[in-house]
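Below is one structure; the comments refer to it alone.
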Protein chains: 2
Amino acid sequence: MTNDNWYIEHFQPTGSAIGYRITGKLDEVQSPFQKIEIYNTTDWGKLMIIDGAVMLTTRDNFFYHEMISHPVLFTHAAPKRVVIIGGGDCGTLREVLKHPGVESATQCDIDEQVTRMSEKYFPELCDSNSDPRAELLFDDGVAYMANCPAGSVDVVIVDSTDPVGPAEGLFNKAFYESCFRALKDDGILVQQSESPLALLDLIKEMRAEMGKAGFTTFKTLPFPQPCYPTGWWSVTLARKSGGFDFRQDDAANKGFETLYYTAPLHTGVLVSPPFVAKVLGE
Amino acid sequence: MTNDNWYIEHFQPTGSAIGYRITGKLDEVQSPFQKIEIYNTTDWGKLMIIDGAVMLTTRDNFFYHEMISHPVLFTHAAPKRVVIIGGGDCGTLREVLKHPGVESATQCDIDEQVTRMSEKYFPELCDSNSDPRAELLFDDGVAYMANCPAGSVDVVIVDSTDPVGPAEGLFNKAFYESCFRALKDDGILVQQSESPLALLDLIKEMRAEMGKAGFTTFKTLPFPQPCYPTGWWSVTLARKSGGFDFRQDDAANKGFETLYYTAPLHTGVLVSPPFVAKVLGE
């Protein structure tokens, strides 16, 4: 909803709103799946909205893209084959390909228009799209994972919109079973898991669905994300078995730049805040 | 600004907005210093607004109150005498008095009405107001610190509103000189220091002013605070000399409950995110 020169998203599930001061709308496209809008803001660079929900801003997307990528990649012992479901803005792909050990990263987003808009308005996120290790597909992520050869993937990253609309099928047992099958025995699934403050029940349900698909161990990592409801967001890691040994030395000597992610930060969030631990039964 | 049944704060300095779905206004008082309003929300309990700025909600104030109290108290070797400047909602006082080693805690807020409103609408924050170690003053914090005996205080906590209006005098060299003088040699000043994402220049200026007053070492700790601009906030610690040795074992065995604060979390934020470190010259 636009109010004067502010774009305000009134997020009904949490009863809270977040918005930005804008100077105008730059673009709008109705894809076969969703409406994508681009605004210019006074302080946050470009703003992408999908079906009325804030997706990212130029200024603050690094929190999310770093935290959905580096913790899982520094937890897996040696990730070589990575699949990104969703992630059409290409920011996650860029972070993943900062890891020299990654040999191939396939991004499968159902909506090509998200990537086309990102190339135009967030070109810095698309820096690695022409990396020879990158493969960009525009297809149904549910079908892609269902057809993925068994035991072929080290890390699956589910970088999707909220669990309504096009992304609904990425939050249930059937999809997680496909991920479980596609992952090697030591593989890890990571998924954006909404606000750990206001949507903890959703995280709990998500972990329950992952559990029904066979995953046995879970870790939810919180991080700031100013443009998402409550400004505090999370990713949830799931493994077939075993714990979440963190390659701390490798993270401390990662050899590439990040804006938010550090090894000490990663260690710090491995223990959940007490109120989160209580709800999640940790 | 109220839009339908939402209270939206349009925060001009960051060009971003945060708001809550409300069911009605419960109270309003114009004190000699500021206008205080209380709303009921659908999902966040009560909401306190001061001069149009969101101060706290029932649901999410624990982040701030825990992070302005426990990191500094677990950094000082043995804090006995604590002064809180501002803090009229009494939530910081409550956290401070969870530390059994604290022998006295004086809260000096210029506006008695903030405390009266808190007692009425946020009674859980006032749980420790009748603790024999607590002293509640309603007076000018600048004058209080200027008149404080030299070398008498272990920890000064500046829990104020933004550096405009009544709190403006709490962000400059003159005030910090009073704090410096009142603190013992191993004393620590901690102050809420706004958004480490969007207001980093303000944090830099604040640290510069503290430096002019004689403080030599600084540490800015970020934490989520959904109801403040950008949803990510900070406190800044300042010492006369020496580092910020963290009493990690004491924090891990603290013997009282917190909702957000943990020892590993504290350790994790001791290293600033790279983009923060760069601006602050760490």
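Note that Cβ sites are derived from N, Cα and C of the backbone, with glycine treated the same way.
Fair warning: this is a prediction, and the values are worked out from it, not measured in the lab.
Counting every protein chain shown, the Cβ of A:ASP159 (active site, proton acceptor) has 27 other Cβ atoms within 10 Å. Mapped onto three states, the DSSP output places A:ASP159 (active site, proton acceptor) in strand. The active site, proton acceptor annotation in TrEMBL covers A:ASP159.
If you take the C-beta of A:GLY141 (S-methyl-5'-thioadenosine binding site) and look for same-chain residues 6 or more apart in sequence within under 8 angstroms, you find A:ILE85, A:GLY86, A:CYS108, A:ASP109, A:ILE110, A:VAL158, A:SER160, A:GLY169, A:LEU170. The S-methyl-5'-thioadenosine binding site annotation in TrEMBL covers A:GLN34, A:ASP109, A:ASP140, A:GLY141, A:PRO166.
The annotation spermidine binding site is assigned in TrEMBL to A:HIS65, A:ASP89, A:ASP159, A:SER160, A:THR161, A:ASP162. Within its own chain, A:HIS65 (spermidine binding site) has A:GLY91, A:THR92, A:ARG94, A:GLU95, A:LEU125 as residues 6 or more apart in sequence whose C-beta sits under 8 angstroms from its own. A:HIS65 (spermidine binding site) falls within a helical segment according to DSSP.
Here TrEMBL flags A:4-240 as domain 'PABS'.
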Recorded spermidine binding residues, A:HIS65, A:ASP89, A:ASP159, A:SER160, A:THR161, A:ASP162 - maximal Cα separation rounded to whole Å: 16
DSSP three-state assignment for A:GLN34 (S-methyl-5'-thioadenosine binding site): coil
A:GLN34 (S-methyl-5'-thioadenosine binding site) to A:THR161 (spermidine binding site) - Cα separation in whole Å: 11
Listed binding-site residues (A:GLN34, A:ASP140, A:ASP162, A:PRO166) that sit near chain B [CB under 8 A]: none
Shortest C-alpha distance to A:ASP159 (active site, proton acceptor) - which of the binding-site residues A:ASP89, A:ASP140, A:PRO166: A:ASP89
Distance, A:ASP140 (S-methyl-5'-thioadenosine binding site) to A:THR161 (spermidine binding site) (CA atoms, angstrom): 14
S-methyl-5'-thioadenosine site, defined by A:GLN34, A:ASP109, A:ASP140, A:GLY141, A:PRO166: further same-chain residues with Cβ within 8 Å of the Cβ centre: A:PHE33, A:GLY86, A:GLY88, A:ILE110, A:ASP111, A:SER160, A:ALA167
Between A:ASP140 (S-methyl-5'-thioadenosine binding site) and A:ASP162 (spermidine binding site): CA-CA distance (Å): 16
